[in-house]
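J.: Mind looking over this structure? Questions follow.
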């Protein structure tokens, strides 16, 4: 059959409107995207009349042969990587042992008890703060300490090297500060001469080496309190190396900082200076400073600072606070207390990132209810009555509370932005830490539409974190973590909309430090945040879930082979990659059926996409669509062999799915499934019409259809029946074709697909994509500008999707997850290109391997 002349044109009739579209020479065989390769050629029926295709008619212009159409060119895809023999070769020997199940249950119980026992915060002793509390003379006037148990603790807890501090961690700054505080206290009470001498020897040895330690390991307020205590030590006659260059440098830093301090700032509003009042005693107006006392009687939750104020003022509330702390800890005090908000938020974040939060839903809700009850629109600190908010706790709280449906505003971040648009941890601070900027960055990805402050925070923190990665000597200001660099790398490469729960869990299992410590005025630990039990459960649970997933994948591979789909030469075989999608986010064992339905439905969207794209004739495709509409297996006899395989597999699979759905929903769902597929096939057909005649629709016309043809809605609407919830018509309408929620999922999936595939598809004859359609509407702009605009549309849609996900509380949680996570998996698959079709040589292959085949050690 001869190709038509390029000077001839055909017409598309849409209602009363007729458009002439030039025909073209050559193949219309299109590119590689998973959901939009609409390069079907027009086929004409035996009645020698133009076939009616959906809403359009294709007729010939004057002089054109209506039967002259291009010849179909066979499409070829890269072969699938995950063949049966490959999967078998990767199957680990791991099996879920009864002892593992028992240990998992034990750990779940123990961690639940940890959550339920959370009060004001569990933490370790601070020798530094305990020394300051031990200084307080008895209020009855006797020449004894008010808290003799704290003095005894100092005498009993000197380390072998003569220092005081945390035995299993050595930071020179921390040890020197604590040791200096302890030897001063012992000297004041004229006791422990041996301990004092050993402490002095340690100080002399380490003070000369301290410059070798990173400045970022210097505790908060060190340059304020350390020189002040040196002055006390000198007055007490302690033989310390006061003339060392390091000591002189610290003294100079203190003087410079105090000179920069406005005289009225200390009393105007609560600042972090309240944390170090013991180092500012010579300049503090004690009457004025009392106006900034916290409700609990402390000064910024610091026992040392509060002890110093009490010794100067005799304030009863200060004494009540110290009694309260010692009642909790016995014979010592921590570096700050309470830590109730910090502990709860970080514990929730820990179990979520490790992928074990599904075991602790009630405990998480209780913890977040507590935090929300103390939420402040100006921000929060580490404790409920802390008057100085910090961006670390605030950003963590904003992100987690928002994702759990609490009403919190991003305006809270304005507290921490300076006049230059930079973000800092504390008001007036000039330094930032990696962990606080990382938490702000993570928070910035759960933006709602129009939240400019979050967008500013995202840009600021991304810039900071990328610079931090380039600085190989960079350390965090607030924490000593096992692998903070790995955490930052993951967050920048896989931000929220690409970070699938199983991948994040695997990454965080590798990066999580069960012995991580934090830096305040001294080094401290939080056992309800950093704990070996979390890690042990995460590893056992990950491997257990992965074992079940491998079994499910083998079942689906058997379904694929027994249905004859491996014989189909025109389609892509991506069973493992497609199964990885639901396994990466709806991973819990109880959703096995939902994962199977999701995977089978997704495989059919790929098969039928490829079938309608370039393989089937219009007569046969019309017959296929009619067979679905009538649900009539008898029509299969009129189909060619490969289409028989497709329809028989389709018919049998969805009959089985419908029967299972009837049992779960308590009503017939077959007609519902049919209707879902009818809409899907109509969208495929419309794009086939456009592609056949090289019609470039307007952007709006394109998106209206393409957000459906991407097929995500079809997958979700059928899979939702198996989420364990009874779905009423009202619930189904909230995630249905007309819902904003489902539309945004399809829109963002379509746009990320198009932005990564349109160039390759255009080179292979494809004419319609979001970029090309937008350029048609705006011929004055360049391709680069059009692409940028499409990215902007997608980013805005993702923000709106966040809001729909968070606020759609009438929809069961699992259904909301299904919609939202399906949108996110598309962002992952298409982050660098067509991750489905080209999965064999893209990072998706490694994700599949890590998620499904490689247990964590």
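Just so you know, glycine gets a Cβ as well, placed from its N, Cα and C.
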J.: Among 382-385, 386-389, 390-393, 394-397, where does Swiss-Prot put the label motif 'DXDD motif'?
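T.: In Swiss-Prot, residues 390-393 carry the label motif 'DXDD motif'.
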J.: In Swiss-Prot, which of the ranges 599-603, 604-608, 609-613 has the motif 'DDXXD motif' annotation?
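T.: Swiss-Prot lists motif 'DDXXD motif' for residues 609-613.
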J.: Nearest by CA distance to residue 390 (Mg(2+) 4 binding site): which of the binding-site residues is it, out of 609, 613, 753, 757, 761?
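T.: Sorting the binding-site residues by distance from residue 390 (Mg(2+) 4 binding site), the top entry is 753.
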J.: Spatially speaking, which of the binding-site residues 392, 477, 609 is closest to residue 761 (Mg(2+) 3 binding site)? Use C-alpha to C-alpha, please.
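T.: Result: the closest of the binding-site residues to residue 761 (Mg(2+) 3 binding site) is 609.
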J.: If you measure residue 477 (substrate binding site) to residue 757 (Mg(2+) 3 binding site) at Cα, how many Å is it?
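T.: Rounded to a whole number, the Cα-Cα distance is 42 Å.
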J.: Round to the nearest Å and give the CA-to-CA distance linking residue 757 (Mg(2+) 3 binding site) with residue 609 (Mg(2+) 2 binding site).
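T.: Between the alpha carbons of residue 757 (Mg(2+) 3 binding site) and residue 609 (Mg(2+) 2 binding site) there are 16 Å.
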J.: Rounded to the nearest angstrom, how far is the Cα of residue 609 (Mg(2+) 2 binding site) from the Cα of residue 753 (Mg(2+) 3 binding site)?
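T.: So the alpha carbons of residue 753 (Mg(2+) 3 binding site) and residue 609 (Mg(2+) 2 binding site) sit roughly 14 Å from each other.
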J.: Could you tell me how many residues in the motif 'DDXXD motif' (609-613) are helical, how many are strand and how many are coil under DSSP?
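T.: Secondary-structure composition of the motif 'DDXXD motif' (609-613): 5 helix, 0 strand, 0 coil.
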J.: Taking Cα atoms as reference points, rank the binding-site residues 392, 609, 613 by distance from residue 257 (substrate binding site) and give the first.
T.: 392
J.: Would you kindly give the Cα-Cα distance separating residue 392 (Mg(2+) 4 binding site) and residue 613 (Mg(2+) 2 binding site), rounded to the nearest Å?
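T.: Rounded to a whole number, the Cα-Cα distance is 50 Å.
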J.: Would you count the other C-beta atoms found within 10 angstroms of the C-beta of residue 477 (substrate binding site) for me?
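T.: Counting Cβ neighbours of residue 477 (substrate binding site) within 10 Å gives 20.
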J.: In the motif 'DXDD motif' (390-393), how many residues does DSSP assign to helix, to strand and to coil?
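T.: The counts are 3 helix, 0 strand, 1 coil.
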